[in-house]
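Database features, via TrEMBL:
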type	residues	note
REGION	1-23	region 'Disordered'
COMPBIAS	1-10	compositional bias 'Polar residues'
TRANSMEM	34-62	transmembrane segment
DOMAIN	38-486	domain 'Major facilitator superfamily (MFS) profile'
TRANSMEM	74-93	transmembrane segment
TRANSMEM	105-123	transmembrane segment
TRANSMEM	129-149	transmembrane segment
TRANSMEM	161-179	transmembrane segment
TRANSMEM	191-214	transmembrane segment
TRANSMEM	332-353	transmembrane segment
TRANSMEM	360-383	transmembrane segment
TRANSMEM	395-420	transmembrane segment
TRANSMEM	464-482	transmembrane segment
Amino acid sequence: MRFTPENQAVPSPAPATKHVPELGPPVKPKRNRYAFACAILASMTSILLGYDIGVMSGAMIYIKRDLKISDLQIGILAGILNIYSLLGSCAAGKTSDWIGRRYTIVLAGAIFFAGALLMGFAPNYAFLMFGRFVAGIGVGYALMIAPVYTAEVSPASSRGFLTSFPEVFINAGIMFGYVSNLAFSKFPLKLGWRFMLGVGAVPSVLLALGVLAMPESPRWLVMQGRLGEAKRVLDKTSDSPAEAALRLEDIKEAAGIPADCHDDVVQVSRKNSHGEGVWRELLIRPTPAVRRVMIAAIGIHFFQQASGIDAVVLFSPRIFKTAGLKTDHQQLLATVAVGIVKTSFILVATFLLDRVGRRPLLLTSVGGMVLSLATLGTSLTIIDQTEKKVMWAVVLSIATVMTYVATFSIGAGPITWVYSTEIFPLRLRSQGSSMAVVVNRVTSGVISMAFLPLSEGITTGGAFYLFGGIATVAWFFFYTFLPETQGRMLEDMDELFSGFRWRDSKSKPKNMNSSSNPEVEIGPNKQIWRGMRYKIKVVEIWS
């Protein structure tokens, strides 16, 4: 008899347990091209934020000259989009539970399209702020929904690789923004910055067209009781039929649907299908595991931004001016180099996430950030305190900006989004991810708006010493509080966080280090041992 997922639901009076020893080395599955394509299309929404951050770094030079506004107004203009995005992030969780992940992505693109056009045609500062308000809501939607959708559609073997795509596209957007600054910098003053901002509407149009080819999230479909559709999506996005069956079984269990239910459409309670009672479970009466998940998600998002990355990306022309680059062209050219380095290293990170693991990359990344920030603070302080131009300090400042964005991009950048979307239980994922994004955007907005006043108060070098101190605290938080999630099924996170202690962080879970070939237990309910699911592509038993 050949084992199939359908046999699993048929209980036998005396189920025999078979032990299959000597499976040999795990078979590494090939990349699932369909899941790969879905992740790319969903992650394109992140270009919206990246482009806005990148383009604003150069556009603010010309906006200040054209509209004759102060540094304080420029700082608010640059950072306020992150605050506005809170509305989108808060609404995105509920919206995606009601209309689905896919149409929430469409909504994000449509809102940002309107915002980009408003900014491009802005006649004054007030109108420009209104355009950033609209664009900010679209960015909030995009930031929350892209990693959630990607995590839910990805097989466990490549979830880290695929879920890092939103960060890849944020970096691609930043680089396009920098290039746009350079391209339009020679235009007349009144036209140049308006073109820089208005061109941001183009990616949102491409996004709206591309989303038509995407399937809905299988986890959302199960929450709506549409098991038949969910099974078809899982068959396409899993590495094997066996994995598709297991993923469906786990999602049904998380959604409260009986394992022996195989109807195409079933009735699901309103509480499960529309996320009712989630906020109570998250904030008022969380279980110990959920509380740890919340602290981990909020902590990693806070420290990602509090270490100063958006200050560097947004104000890199100002930083390079402080370092000794005098002309607009030199400053904008240097920012393009920052974009290239940032994007290159994020691409490297996508291939390491599922091979090296989340924790090693994250800790290495933050350690490199600490060293870069300390060196950058020292070199800028030397430049600031010396009347003569100290060439080695200028070169060191520019080099450490590059090493800072490189080390950030290889770990803290992508892992923040990967980690925070994969650790929440299914029912809490949308709202939990929304809360994490809210913390991310608030922190980013505060850092962006405070950077110029902070630089004036304690010098630019002093600001980077402060960021370095925060990054040091972040390293210890990550080391003691964040367990490794590589290869874990999304539905296993509750168990992982329930039993994790900081001393466990010194080694990988036993089932990930084992060099032996443990037996695979075949019984009436579980055909692939849960501890080995992420390692085995297909297990077929014949008797």
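Cβ from N, Cα, C; glycine included.
The domain 'Major facilitator superfamily (MFS) profile' (38-486) scores a mean pLDDT of 86 in the predicted structure. Between the transmembrane segment (464-482) and the transmembrane segment (161-179) there are fewer than 3 Cβ pairs closer than 8 Å, counting only residues 6 or more apart in sequence, so the two stretches are not in contact. The stretches the transmembrane segment (129-149) and the transmembrane segment (360-383) are not in mutual contact, being linked by fewer than three Cβ pairs under 8 Å (pairs 6 or more apart in sequence).
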